[in-house]
Amino acid sequence: MLLAWVQAFLVSNMLLAEAYGSGGCFWDNGHLYREDQTSPAPGLRCLNWLDAQSGLASAPVSGAGNHSYCRNPDEDPRGPWCYVSGEAGVPEKRPCEDLRCPETTSQALPAFTTEIQEASEGPGADEVQVFAPANALPARSEAAAVQPVIGISQRVRMNSKEKKDLGTLGYVLGITMMVIIIAIGAGIILGYSYKRGKDLKEQHDQKVCEREMQRITLPLSAFTNPTCEIVDEKTVVVHTSQTPVDPQEGTTPLMGQAGTPGA
């Protein structure tokens with residue numbers, strides 16, 4: 001029973017570790033997406049969220065942070081997206097393709113390390129020319145000067161929560177595993193207790209039955225003992241018979257039958 005508990009505990013820890021270990025991915029609408037995707041499609045590159053939103057009036061209120069990765073701040077049902085440079089140089093929304101997180105995140109992370117390094121080096125000269133100049137939009141430039149200061153703290157907090165939060169599905173799976181483990185342990189304990197009690201009861205009943213049988217068979221043993229068998233007595237009658245004796249001389253009577261002497 002202890003071995004079963006240890007195995008169940010190790011399995012639950014492995015599942016939880018696998019869920020926590022998906023640091024290179026994030027949850028969105030029940031799906032797991034790569035966290036370091038910087039290209040929505042081949043040949044395109046995502047723009048920095050703060051720089052792109054500063055030049056758009058219809059940008060989502062809750063930004064995705066100070067980075068150039070695919071995110072879904074407005075909860076688009078199509079999935080994560082990012083801003084790319086349009087034909088007129090104005091940032092436009094573009095859904096990200098091939099963003100599903102693989103089964104093993106440890107194998108997928110090395111493939112994108114080069115892209116992360118390129119994005120961390122800073123925007124090149126071509127990317128700087130894509131954004132609209134500040135003097136072209138005087139009314140928006142003032143808002144752009146104030147909005148990043150307020151939005152950075154909020155977006156950094158959201159980004160930190162994305163890395164630590166497992167999502168609703170992760171919590172549901174964890175709670176379900178704990179409930180299953182507890183139910184299995186309780187079932188093992190109840191089954192063992194029931195079987196042990198049943199065995200003890202059978203042993204007690206068997207002893208009681210043996211005692212009753214001894215009480216019943218003890219008086220009969222005296223009658224079945226061969227030393228105590230009753231033997232029928234036979235009466236032997238002895239008859240005494242008188243044998244005839246021959247008369248000897250000197251024994252004849254002097255008187256005859258008639259009673260006369262000398263006759």
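Any Cβ shown, glycine's included, is placed from N, Cα and C.
Pulled from Swiss-Prot:
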type	residues	note
COMPBIAS	242-251	compositional bias 'Polar residues'
DOMAIN	24-101	domain 'Kringle'
REGION	242-263	region 'Disordered'
SIGNAL	1-21	signal peptide
Do you know the DSSP helix, strand and coil residue counts for the domain 'Kringle' (24-101)? 6 helix, 20 strand, 52 coil
Model confidence for the domain 'Kringle' (24-101), as mean pLDDT, reads 79
